[in-house]
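Just below is one structure, and these are the notes that go with it.
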Amino acid sequence: MVKVNGNYLKLKAGYLFPEIGRRVKAFSSANPEAQLIRLGIGDVTEPLPQACRDAMKSAIDEMGTAEGFHGYGPEQGYAWLREAIARDDFQARGCEISAEEIFVSDGSKCDSSNILDILGSGNRIAVTDPVYPVYVDSNVMAGRTGESGDDGRYGGLTYLPISADNGFAAQIPSEPVDLIYLCYPNNPTGAVATKAQLKKWVDYARANKALILFDAAYEAFIQDPELPHSIYEIEGARDCAIEFRSFSKNAGFTGTRCALTVVPKGLKGKADDGSEVELWGLWNRRQSTKFNGVSYIIQRGAEAVYSDAGKQEVKALVSFYMENAAIIRRELSAAGIEVHGGQHAPYVWLKTPSGMDSWSFFDHLLQKANVVGTPGSGFGAAGEGYFRLSAFNSRSNVDEAMARIRNL
């Protein structure tokens with residue numbers, strides 16, 4: 001009989017969102033008349049920007065002609081998209097990132113997991129707690145952790161608690177680590193990092209020859225012009241950081257799939273024999289071997305994000321969701337609930353009322369208000385007693401959800 005990857009058996013009972021789905025399905029089966037409002041998983045609800053739709057329609061028409069047909073494209077992404085990304089997302093903010101250092105993909109979740117393919121198994125890993133579950137689970141699947149304890153934490157990982165007590169700012173580890181996962185604006189807490197805070201991480205990484213994996217999937221939601229959008233706005237970050245970004249939330253590409261990873265040339269790791277190896281070459285080889293690239297049609301849609309019309313439409317989308325977040329913050333605060341986040345990110349992180357644990361509050365909202373959110377404990381032990389609500393929904397649904405919660 002074929003053997004399975006035993007590391008998968010170390011995973012906790014269920015990935016957070018499938019467990020939410022299981023409970024919601026059971027509730028809906030028992031209460032088919034219930035009108036659920038989903039403010040849980042961070043999936044967008046508004047239509048794709050017109051500029052992106054027009055570009056994809058045009059690309060489809062091209063594909064219908066012999067002259068305009070495109071088969072396999074470059075695994076790294078088409079040059080015209082990579083150049084637009086480099087110019088508008090990085091160089092415009094003073095980051096020395098070239099088009100060649102950008103790899104277009106079908107999702108930052110995939111990339112933040114797949115990056116482990118080019119990193120050794122003996123690295124000491126640090127994650128915040130609470131944390132986006134994919135960072136932890138992908139390391140478990142790859143055999144980079146020990147077993148999980150009663151508190152849900154895995155052996156072999158360094159956990160960096162973030163809470164209201166420390167302003168949701170992870171403290172620099174007291175011991176050396178090799179791999180650091182940072183996400184700003186943060187999922188799930190909605191917290192942001194200043195340049196000074198990121199500078200401390202870059203200084204630590206350079207001093208300890210560590211690698212920062214920086215998830216900037218929500219950078220478009222930052223409202224304060226003084227806050228950094230990229231780790232590469234920090235001097236020295238090219239020497240110690242890989243950055244992940246996505247078109248999913250700012251441009252509504254959750255269903256069309258397009259993202260990017262930045263691997264600076266000159267960024268190095270260490271081989272078993274002690275020699276230094278450039279990570280760009282390893283990632284390029286990995287993508288060329290295991291990935292066929294994002295479709296031509298989708299990349300044309302992503303390129304349109306950088307057109308004048310696309311920029312305005314994306315800005316309007318972001319503003320719409322941030323207005324939703326402001327409504328959620330205002331209404332929860334008026335109801336006497338302690339709230340965090342939601343000012344530079346599309347997530348509101350609330351303290352569960354009356355000392356309820358996270359999953360009890362989930363069930364309470366589901367059963368009494370027919371509102372679906374995300375239990376904070378699903379993001380880690382330090383998330384117990386917190387709860388995440390997403391601003392990704394229609395205005396009418398957000399208003400109705402808040403009315404239901406107020407009436408509890």
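Yeah, the Cβs are placed from backbone N, Cα and C, and that goes for glycine too.
Noted in Swiss-Prot for the protein shown:
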type: BINDING; residues: Tyr15, Gly42, Lys109, Tyr132, Asn187, Asn292, Arg388; note: substrate binding site
type: BINDING; residues: Tyr72, Ser108, Lys109, Tyr132, Asn187, Tyr218, Ser246, Phe247, Ser248, Arg257, Asn292; note: pyridoxal 5'-phosphate binding site
type: MOD_RES; residues: Lys249; note: N6-(pyridoxal phosphate)lysine
Requested in this report: Would you list, in sequence order, the recorded positions among Tyr72, Ser246, Ser248, Lys249 whose CA lies within 10 Å of the CA of Asn292 (substrate binding site)?
Outcome: Tyr72
Query - DSSP three-state assignment for Ser246 (pyridoxal 5'-phosphate binding site) - result: strand
Report task. Please determine which of the recorded positions listed here (Lys109, Lys249, Arg388) has the lowest count of neighbouring CB atoms within 10 Å. Result -> Lys109
Report summary line: Counting other CB atoms within 10 Å of each candidate's CB, the least crowded of the binding-site residues Asn187, Ser246, Ser248, Asn292 is Asn292
Query raised in the report: What is the interatomic distance between the Cα atoms of Ser248 (pyridoxal 5'-phosphate binding site) and Gly42 (substrate binding site), given in whole Å?
Result: 10
Query - Within 10 angstroms of Ser246 (pyridoxal 5'-phosphate binding site), Cα basis - binding-site residues out of Gly42, Lys109, Tyr132, Asn187, Arg388 - result: Lys109
Query raised in the report: Taking only the recorded positions Gly42, Lys109, Asn187, Lys249, which one has a CA atom nearest to the CA atom of Tyr72 (pyridoxal 5'-phosphate binding site)?
Result: Lys109
Report task. Please report how many Å separate the Cα atom of Lys109 (substrate binding site) from that of Lys249 (N6-(pyridoxal phosphate)lysine), as a whole number. Result -> 13
Report summary line: Pairwise CA distances across Tyr72, Ser108, Lys109, Tyr132, Asn187, Tyr218, Ser246, Phe247, Ser248, Arg257, Asn292 (listed as binding pyridoxal 5'-phosphate) top out, in Å, at 34
